[in-house]
Amino acid sequence: MDERPETELISIPATPRVSTPEIQTPSGQRSPRPAGQKSSTAWTPTSFISPRFLSPIGTPMKKVLINMKGYLEEVGHLTKLNPQDAWLPITESRNGNAHYAAFHNLNAGVGFQALVLPVAFAFLGWSWGILSLTVAYCWQLYTLWILVQLHEAVPGKRYNRYVELAQAAFGERLGVWLALFPTVYLSAGTATALILIGGETMKLFFQIVCGPLCSSNPLTTVEWYLVFTSLCIVLSQLPNLNSIAGLSLVGAITAITYSTMVWVLSVSQQRPPTISYEPLSLPSSSAALFSVMNALGIVAFAFRGHNLVLEIQATMPSTFKNPAHVPMWSGAKVAYFFIAMCLFPVAIGGFWAYGNLMPSGGILNALYAFHSHSIPRGLLALTFLLVVFNCLSSFQIYSMPAFDSFEAGYTSRTNRPCSIWVRSGFRVFYGFVSFFIGVALPFLSSLAGLLGGLTLPVTFAYPCFMWVLIKRPPKYSFNWYFNWILGWLGVAFSLAFSIGGIWSTVNNGLKLKFFKPN
């Protein structure tokens, strides 16, 4: 009988590495684990299973421990997953990446609110306008970083929605009271405003392209709202947040393109002869103060999108070695670089081109009013078409939290995922409710200052409070003082800007429109 080496006689086959289980979602998608993960030198709970530690251990035990190490590092935090999350649009698919994060953040961060920034400059002037825009940009970038870090602040728990993080910081009841209204208003209110702006832009696009050959009975503005709403409902049938990454890419590209075209076309034309860069004068000091507060609210409203940060990060896989905040922050930095490249030129270039003659509807309205006959029809039509595409894309990402809420209520009651027909029914219902609200409140898209004041805490105040309450920095340290001061400043500014927005709305008699076509 041949003598075999002792190690062969007692060797045991290596235990295959256990993979993270995949859950079949209602839309038929799977959430695979990320491949090609890079090694990290940071300490992990399995760092003690190192070659130095394993050297005196026999081969079979070494293989078992190595396989156990790989499994633990793959599972990561051993996060407790809520089975219901696999049925909901935001968390149904968790194969997002840094590119998706950049697309979603850019699509959510640039939109129609950028076009009204020159209106704020007309009340603030050059110095205060640029200063307020710069401070707001840096402030919201800091609070964005806070939200990205707090997504997995507690080991074993992912806060997939803004309201969930608010509940963890402020308590179950208070968190809902503080965060639910502004986040719902940002989602539903923005979707309604997008219907108004998209419908009116489609009408102007049709007028520019058709010209004098238009029929004697063109569609009314409300009918254009309905056309735009129908297109939004068709696109909203995409099942989850990851599935609209392509639409977010289209929205990001169109936003960058039309923002650049608008300010380039404006500054390339001859300026109006009566232009002035002095802040608009008002009959009383109180009127001037309220107008400045409303203008600052417009600047604050330009930086919306924080209500979607946690939701976007929830679409990414996360392990201890590769936490979700790394690709999320990488994508967000790229997105907000381009956001700055859109907002600052539009605000500065628009104010330079039109000064305090800027209409209340913003730079696109000014471009149509002052230069509709001097700019080639093709360029003007392309600009309006890009705005329509961007509104269609932005509607999807801002409506996703509402879709998620509808389906969460259904699945919690029935303990089963939504069928395709139920999911489609929710989205059709939401689209037409937004349409009817838009028809009943056609001035909604003009209330940028008021909307900025009401929703300002979501971006500028709550994240600072959440950081202190969850991370608990040392009391009376710089970090503790800094976040408390920023948070309370955000609350104070929210009240002031809301009062300014209400005054501006009442003073203008709710007669503002985003576009005022001739």
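Note: Cβ is positioned from N, Cα and C throughout, glycine not excepted.
Here TrEMBL flags 17-30 as compositional bias 'Polar residues'. The domain 'Amino acid transporter transmembrane' annotation in TrEMBL covers 95-505. If you look up TrEMBL, you'll see 1-44 marked as region 'Disordered'. What TrEMBL records for 106-128, 134-154, 174-197, 245-265, 285-303, 334-355, 375-399, 420-441, 447-469, 481-503 is transmembrane segment.
A Cβ distance under 8 Å defines the sequence-distant neighbours of the transmembrane segment (447-469), meaning residues of its chain 6+ beyond its ends; these are 113, 116, 119, 136, 139-140, 143-144, 146-147, 149-150, 162, 165-166, 168-170, 178-179, 182-183, 185-186, 189, 293-307, 480, 483-484, 486-491, 493-502, 504-505, 512. Only pairs six or more apart in sequence are counted, and the transmembrane segment (285-303) with the transmembrane segment (375-399) gives fewer than three Cβ pairs under 8 Å, not enough to call it a contact.
Residues of the same chain lying 6 or more positions beyond the ends of the transmembrane segment (334-355) and with a Cβ under 8 Å from any Cβ of it are 98, 101-106, 109-110, 114-115, 117-118, 120-122, 126, 129-130, 133, 137, 141, 144, 252, 255-256, 259-260, 262-264, 266-267, 269, 271-272, 275-277, 302, 362-363, 366, 370. Ranked by number of Cβ pairs under 8 Å to the transmembrane segment (420-441), the listed stretches 134-154, 174-197, 245-265 are led by 174-197.
Most Cβ pairs under 8 Å to the transmembrane segment (174-197), among the stretches 245-265, 375-399, 481-503, belong to 375-399.
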